[in-house]
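Working notes for the structure below.
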Amino acid sequence: MNTSFTRKSHTFLPKLFFRKMSSSGAKEKPELQFPFLQDEDTVATLHECKTLFILRGLPGSGKSTLARLILEKYHDGTKMVSADAYKIIPGSRADFSEAYKRLDEDLAGYCRRDIRVLVLDDTNHERERLDQLFEMADQYQYQVVLVEPKTAWRLDCAQLKEKNQWQLSADDLKKLKPGLEKDFLPLYFGWFLTKKSSETLRKAGQVFLEELGNHKAFKKELRHFISGDEPKEKLELVSYFGKRPPGVLHCTTKFCDYGKAAGAEEYAQQEVVKRSYGKAFKLSISALFVTPKTAGAQVVLTDQELQLWPSDLDKPSASEGLPPGSRAHVTLGCAADVQPVQTGLDLLDILQQVKGGSQGEAVGELPRGKLYSLGKGRWMLSLTKKMEVKAIFTGYYGKGKPVPIHGSRKGGAMQICTII
């Protein structure tokens, strides 16, 4: 017997019955096993983030059930925007351009209010539509979690014909199916820090840059940061590393380029990646480092976190002889014309030198730990006490290009920033 509840079947059931069914059923049904529903650490961590859950799937596949469960789990501070409420029939967006305009205005309104958990319930089968949503997430600094039903019939058009509330035919459903058959891969996967953890780490990085810039040992090495034509008395490192990530910080695991990068699909298909998607983790920061090109934080991965670290990242010669996961880092800033990928390479360069027996010269103590000069304008602050930061494992789906970053409650554009 089919125990799923479509809009048609649960309309006449008491709300109390549905609430009882959904909360208990979520623990038992395999199709409802998602970390953001089952794992209490993840639920608590998501309350500290701004997350846009984008549901994808054919009509009748179980999206609305998932949407209601997310609303129920997160209570206050949660809003759902459903295409159904705008009388949008799944199919061509061109037929409902005005309805989608109203939907997007309402969604953006919730973003401006800093609603912690937003749920968008629609088929979301078109790449162009998803790109619009990802751009909005960038503008309002929301992390994205794509959610697709795990029901056995999610791609079975014959069954979905009977389940969907719009009475779409099997042929109608088949037209929507191609955009939903393959996993939608991000620009990259990674751990995305909560807002509080991002602010804490960003502040620690800024303080380090200020302390380093004022340190007498650093002032003697300014030639690595300033050309010969410039004055060499002092350098404002916070301004020097002006290319900084807006919003939440992150630690990249796998660069996917939306599925075009080597090994991207294989990585995304790993059971541990699927199981961990949308789950909370606690990352450990052991050191802060600066080179003439980048500023970053070294991340020490646990055995559990290393399962999400792609093996191909440890193949380049820069990683040779180093433990798996040595490249794990959070980019705090880049110098002009430097790409964020350089941060990990700079860290590997430092670690190779340390492995070779040259930890550098200890030049003093800072409030958070011991400062080392490694030559060539490279500096590392070894933290006396490791920093623990909370993060969600998910993907970044935007374009990674400059976008107008909107203020939240005050509204309006604040600045143009690049997602890095």
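Positions of Cβ are set from backbone N, Cα and C atoms, glycine also.
The active site, proton acceptor annotation in Swiss-Prot covers His250. Taken from Swiss-Prot, the feature active site, proton donor applies to His329, supported by experimental evidence. Per Swiss-Prot, the feature substrate binding site maps to Thr252, Thr331. The S-farnesyl cysteine annotation in Swiss-Prot covers Cys417 and is backed by a curator's inference. Annotation source Swiss-Prot lists phosphoserine at Ser9, Ser169, Ser227, Ser239, Ser358. Sequence annotations record features per position, and here Swiss-Prot assigns phosphotyrosine to Tyr110 based on a large-scale study or a structure entry.
Everything Swiss-Prot records as a feature, shown here on the structure.
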| residue | record | DSSP (3 states) |
| --- | --- | --- |
| Tyr110 | phosphotyrosine | helix |
| Ser169 | phosphoserine | coil |
| Ser227 | phosphoserine | coil |
| Ser239 | phosphoserine | helix |
| His250 | active site, proton acceptor | strand |
| His329 | active site, proton donor | strand |
| Ser358 | phosphoserine | coil |
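Other Cβ atoms within 10 Å of the Cβ of Thr331 (substrate binding site) number 27 in total over all chains. Counting every protein chain shown, the Cβ of Ser239 (phosphoserine) has 10 other Cβ atoms within 10 Å. Cβ-based crowding with a 10 Å cutoff singles out Thr252 as the top-ranked of the recorded positions Ser169, Ser227, Thr252, Ser358. When the Cα of Ser227 (phosphoserine) is compared against those of the recorded positions Ser169, His250, Thr331, Ser358, the shortest separation belongs to Thr331. Checked against the residue listed as 'active site, proton donor' by C-alpha proximity, the modified residues Tyr110, Ser169, Ser239 yield Ser239 as the nearest. Using CA atoms as reference points, the recorded positions Ser169, Ser239, Thr252, Ser358 were checked against Tyr110 (phosphotyrosine), and the closest is Thr252. Distances between the Cα of Thr331 (substrate binding site) and those of the recorded positions Ser169, Ser239, His250 are shortest for His250. Taking the C-alpha positions, the distance from Ser239 (phosphoserine) to the residue listed as 'active site, proton acceptor' comes to 21 Å. If you draw a 10 Å sphere around the CB of His329 (active site, proton donor), it holds 23 other CB atoms from the protein chains shown. For the pair formed by Thr252 (substrate binding site) and Ser358 (phosphoserine), distance between Cα atoms is given as 28 Å, rounded to the nearest Å. Within 10 Å of the Cβ of His250 (active site, proton acceptor) there are 24 other Cβ atoms, across all protein chains.
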